[in-house]
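Undergrad: Structure provided below as structure tokens; questions to follow.
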Amino acid sequence: MRVLGIESSCDETAAAVYCGRDGLLAHAVHSQVADHAAYGGVVPELASRDHVRKLPGLVGGVLRDAGLTPADLDGVAWTRGPGLPGALMVGAGFARTFAWARGLPAVGVHHMEGHLLAPLLEPDPPAMPLVALLVSGGHTMLVQVADFGRYRVLGESVDDAAGEAFDKTARLLGLPYPGGPAIARLAVEGTPGAVRLPRPMTDRPGLDFSFSGLKTAVLHAVEAAGNDQQARADIAHGFQEAVVDTLVIKCRRAIEQTGAGRLVVSGGVGANARLRERLDEVGRASGFTAHYPRLELCTDNAAMIAYAGLRRLEAGYRDDLDFSVRPRWPLAELS
């Protein structure tokens, strides 16, 4: 089965073709980061308009790269949610029209299920059951994965997501959007231990996250630092260590509670080199292995949507011609 995947949930427009026999045949992503950088974050209306402009060309390009025509496809998968309403509608409308015009089955995919399954696109994918850390600009959650489609949310952020905290902290430090890569670069220049920030909710039972208090602590540190550039680098280092420590502590706790021997990490923050380094260290000491998608599949992409869609189409899932989207769609509602 060959499935066309379409992703448009936020500020990346993406298309991909995945084949059940041959794997990922082609994928392409157009990032709008430069367009939104001047605003310090994503402007929903601009994102939607750019999806309209870029999506047809991206789809045509991945079909050419895969050596296929629309007649060679067996299905279409698109991101139904969660995400920005207008951005989701662009992808949904295109995908459903494309599928209807060619008589192809189509299925709407949960964006976070796509991230959860992204590490399975690698040459040596982890076997289920496992625990997944999904960590991005909009979500931070730990999920127990018994099998495909059998998910139990163990914990999630009660306020800001980790990626959102990176973006807000970067803004406080005068760094560009997106904040994650900018803070990681500045953190290299920081002095270890110079700034100690809280590890929220790690001193109590449970697997939920909270990053709003950490952001407040950063604000006070920035105000105290003034224009001292070394102090700002120290804050970036301290902030990154606090987020990484929090995520690592919760991951280890989730592994201990579930007895899983495998952890998958996905989402934009999953590309953070320090997070990967620490999880690998703790995994070796605690007896679990951590698995990650390649860096280009950590951020939003259509390869993960095409793969998740293929799995759902093979399992018999189909959507009708209604292309309603779900901007808010708890993963716990997915079956």
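Each residue, glycine too, has its Cβ placed from N, Cα and C.
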Undergrad: Can you tell which of Asp280, Asp300, Asp319, Asp320 Swiss-Prot lists as binding Fe cation with His111, His115?
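TA: When Swiss-Prot describes the Fe cation site, the candidate it includes is Asp300.
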Undergrad: Besides Leu134, Val135, Ser136, Gly137, Gly138, Asp167, Asn272, which of Gly155, Gly180, Gly259, Gly287 does Swiss-Prot list for that substrate site?
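TA: Checking Gly155, Gly180, Gly259, Gly287 against Swiss-Prot: the substrate site match is Gly180.
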Undergrad: Give the three-state DSSP assignment (helix, strand or coil) for Gly180 (substrate binding site).
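TA: Where Gly180 (substrate binding site) sits, the three-state DSSP reduction gives helix.
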Undergrad: Which Cβ among the binding-site residues (His111, His115) has the fewest C-beta neighbours inside 10 Å?
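TA: Each of the binding-site residues His111, His115 was scored by Cβ atoms within 10 Å; lowest is His111.
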Undergrad: If you skip the near sequence neighbours and keep only those at least six away, which residues in the chain come within under 8 angstroms of Asp167 (substrate binding site), Cβ to Cβ?
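TA: Result: Gly41, Gly137, Tyr177, Pro178, Gly179, Gly180.
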Undergrad: Quick one: pull the CA-CA distance for His111 (Fe cation binding site) versus Asn272 (substrate binding site), whole Å only.
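TA: Rounded to the nearest whole number, the Cα-Cα distance is 20 Å.
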Undergrad: Can you tell me the CA-to-CA distance separating Val135 (substrate binding site) and His115 (Fe cation binding site), as a whole number of Å?
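TA: Their Cα atoms are separated by 9 Å.
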